[in-house]
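Copied from Swiss-Prot, the annotated features are:
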BINDING   Cys20, Cys23, His52, Cys55  Zn(2+) 1 binding site
BINDING   Cys126, Cys129, His156, Cys159  Zn(2+) 2 binding site
COMPBIAS  215-226  compositional bias 'Basic and acidic residues'
COMPBIAS  379-388  compositional bias 'Polar residues'
DOMAIN    236-375  domain 'PADR1 zinc-binding'
DOMAIN    394-484  domain 'BRCT'
DOMAIN    511-611  domain 'WGR'
DOMAIN    633-751  domain 'PARP alpha-helical'
DOMAIN    758-983  domain 'PARP catalytic'
REGION    197-246  region 'Disordered'
REGION    369-397  region 'Disordered'
Amino acid sequence: MASPHKPWRAEYAKSSRSSCKTCKSVINKENFRLGKLVQSTHFDGIMPMWNHASCILKKTKQIKSVDDVEGIESLRWEDQQKIRKYVESGAGSNTSTSTGTSTSSTANNAKLEYGIEVSQTSRAGCRKCSEKILKGEVRIFSKPEGPGNKGLMWHHAKCFLEMSSSTELESLSGWRSIPDSDQEALLPLVKKALPAAKTETAEARQTNSRAGTKRKNDSVDNEKSKLAKSSFDMSTSGALQPCSKEKEMEAQTKELWDLKDDLKKYVTSAELREMLEVNEQSTRGSELDLRDKCADGMMFGPLALCPMCSGHLSFSGGLYRCHGYISEWSKCSHSTLDPDRIKGKWKIPDETENQFLLKWNKSQKSVKPKRILRPVLSGETSQGQGSKDATDSSRSERLADLKVSIAGNTKERQPWKKRIEEAGAEFHANVKKGTSCLVVCGLTDIRDAEMRKARRMKVAIVREDYLVDCFKKQRKLPFDKYKIEDTSESLVTVKVKGRSAVHEASGLQEHCHILEDGNSIYNTTLSMSDLSTGINSYYILQIIQEDKGSDCYVFRKWGRVGNEKIGGNKVEEMSKSDAVHEFKRLFLEKTGNTWESWEQKTNFQKQPGKFLPLDIDYGVNKQVAKKEPFQTSSNLAPSLIELMKMLFDVETYRSAMMEFEINMSEMPLGKLSKHNIQKGFEALTEIQRLLTESDPQPTMKESLLVDASNRFFTMIPSIHPHIIRDEDDFKSKVKMLEALQDIEIASRIVGFDVDSTESLDDKYKKLHCDISPLPHDSEDYRLIEKYLNTTHAPTHTEWSLELEEVFALEREGEFDKYAPHREKLGNKMLLWHGSRLTNFVGILNQGLRIAPPEAPATGYMFGKGIYFADLVSKSAQYCYTCKKNPVGLMLLSEVALGEIHELTKAKYMDKPPRGKHSTKGLGKKVPQDSEFAKWRGDVTVPCGKPVSSKVKASELMYNEYIVYDTAQVKLQFLLKVRFKHKR
């Protein structure tokens, strides 16, 4: 995911267009300004609220840490010091106007708070030696208490003990969590440093005595304190006193700015661009940006191209960063403190007559100095508005700091309450002040009172898997990946006219329609997801024409997926020709491609940093009048009517889409096209390759994972896109796409538009599958009931099954495809298959299918095939029912197994070996064969109770049967089953 933005940005104004949010006056060009970074409500991105720096530095409690300020390294040294002294003092009343006033007395009087921990990242830098603190190393932090003093100072434990040798490690917060081996290594360091510490303490005592600032007794008391006096002399910016490196950095910064001032005085913008071109540097940016790039190159040498994407680097946020794209889907993530530079001198254009440049060129040295930079501490910042301070973030990984409330019924809450308390976290019966997050169980109503209260109090609302992952990793995790945003506004039902739907936000849906001109339908939904920047945007573009007249409107709606509070919309009235011209202009601007290339599916190419159109097919080809389909009379049997209502219930599909976190606002009832799903599978296949193959370059692997994840979430818009980087997450996305395939079929076959005139009978006919209820006293019903009741596996204890209805099936054309295998192969069995309710319209219409070629080859123990079981509960697991929705559907299929290839452990294959027609995974528990029955003469029904098999070395608990040809399967019965969940 994108790194959280820093709360503040510091820079010199690039123009005189901004005004100060504090004093309301204009911020003149090149004036020092500070911007508070906030999420824009107008677009999907971050925007600065600019202020004069002097206005901010007069206030208290604004900037909590130097590391909270983006761009501080690019300021003049004097302005950098203003911010540092503001943070050190904790009050900004005098720092804005004085650069030389010492604030050490304030810092010295501040009480310090200390802690010790094992570093969870490699992002922090030691304030003493300026080296990185690597992941797994023990580090010590200090933090002054009091208003405004919220900056953390990190040190290697060894470096800290060299400065403060009398530290009682056992008294530090977090000492008990340090591994014994690390404790044993640290304790001798205290003992070794004690003699030197006594000398330093004596010197400090003598100095303080001469200065008259401390009495002798105070020094004695300090020896008994937890930390030596020397540690109190540290400034919040992290240094005991100006070191040689700090002085070098100051001198270098001043020299660099002298050069920038000369460039401003003597060199024009055009000459700066020419100079950058000659040196193969980027020429993009404002006059200030050009000046910065030229000064950097003149002083330190021209920058080489990015090693990952061959893009241009520039200095930003304390690092040299690449601003190019690793592919059309993703920005390049390369950044470094020590970039490669082109060998040789900085070049001056041959034709230049600029005397300053000519004079400078004669004096330039062939060997350039190296730029001195501070270690980047981007991971150790407070996150500004709505977040905890830096101290809290340093300890946020402890489960003891997690305070959880649960949304759901009492039975769902009780098990979680016990687990939360056992893990050491705190359970809150209701959301209140101090609650860290509200965890949503199951399908809790988004209008739930606790959820409304949590939103009012700005408490994070997260999914159950947040707690699962916290307990697994034994620490409090960030909420971002698990958040459930308010999607109540996103449940959009569309009003379809013609071949498309007018967006309801336009307010024109009642008396207008989408403009159609021949094969052209002027309606598109654009998507862009980039995990490296945090962008997850949509853009809707439509030409809307009045039903009675020729007037047209160009409608635009934009924002962030899953968040209706961010974005906006616009409706402009114009003539038809002007509307078409404006539509095409906007499409080209947003996608980098012409409308014709997309319409004709020729030469369309995704462009870096641009949107991608999504295929949305509303599944309707004619205009219809509004009617309630379920209220009309039907010729179907009552039990079949209830089944059809289950299959065609829009809320079932809506709930599935919500479970998958699909953006339902801009994908009305998730009508993704087959093309999008196919492209989603292709992205997952690439992710699978990256996860399974060893890569010697972790940075490149991470960038490629970001790129493939961007492709996936652009094709399949999600409320919470993230980097897919582990096997479980990957498999869940594969299952999601498999389910979406059937939702796509259901939407295309049945349609979910509210104005449909189709009755249940009409929808039933479109399934092309004859479905007949079985009488409960029939022989087939009793056999199936016995099969269900006797084959429940002993380990599946979470629920029991109750048979409600059985329907005989006859899919159109299926018997003819199956007949040759029925006669030729033999060895036929009646076997179980379970699936989500949302998959059954697709199954009844098209039969059981094998995963497509573009789907990743994972999650399939024995390859891509159709899987069956002889124990009912083995298949029932895949119905994914719950207490609120306890009724599921299951299949009994006649399967022509032929010669079986038997295995005791997983082995991927595209098809069984020569001479074999199916695969069987041998389980440790099997149905008792003496109780098997025959159906229709030669079809085996393995309806015996589970017993131990003779196979002892198998990795499988229960039998699995796999065929690799759909023609070997004939659907026979559909079962309506009630799951009686026990918890």
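Every residue gets a Cβ built from N, Cα and C, even glycine.
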May I ask for the distance between His156 (Zn(2+) 2 binding site) and Cys55 (Zn(2+) 1 binding site), taken between their Cα atoms and rounded to an integer number of Å?
37
Over the domain 'PADR1 zinc-binding' (236-375), work out the mean pLDDT and round it to an integer.
88
Rounded Cα-Cα span from Cys126 (Zn(2+) 2 binding site) to Cys55 (Zn(2+) 1 binding site), Å:
32
Residue pair Cys159 (Zn(2+) 2 binding site), His52 (Zn(2+) 1 binding site) - Cα distance, angstrom, rounded:
38
Rounded distance in angstrom between the Cα atoms of Cys126 (Zn(2+) 2 binding site) and Cys20 (Zn(2+) 1 binding site):
36
Distance between Cys129 (Zn(2+) 2 binding site) and Cys20 (Zn(2+) 1 binding site) at the Cα atoms, whole Å?
39
Three-state secondary structure, which DSSP defines for His156 (Zn(2+) 2 binding site):
strand
Cβ-Cβ neighbours of His156 (Zn(2+) 2 binding site) (radius 10 Å):
23
In the three-state scheme derived from DSSP, which category covers Cys55 (Zn(2+) 1 binding site)?
helix
Helix, strand or coil at Cys23 (Zn(2+) 1 binding site), per DSSP?
coil
Of all the binding-site residues given, Cys20, Cys23, Cys126, which has the fewest Cβ neighbours within 10 Å once its own Cβ is left out?
Cys23
For the recorded Zn(2+) 2 site, whose residues are Cys126, Cys129, His156, Cys159, find every other residue on that chain with a C-beta no more than 8 angstroms from the centre of their C-beta atoms, and list them by sequence position.
Arg127, Lys128, Ser130, Glu131, Ile133, His155, Lys158, Phe160
Return the residues near His52 (Zn(2+) 1 binding site) by Cβ distance under 8 Å, restricted to its own chain and a separation of at least 6 in sequence.
Cys20, Thr22, Cys23, Ser25, Ile27, Asn31, Phe32, Arg33, Leu34
Over the span of the domain 'PARP alpha-helical' (633-751), count residues by DSSP class, listing helix, strand and coil in order.
83 helix, 3 strand, 33 coil
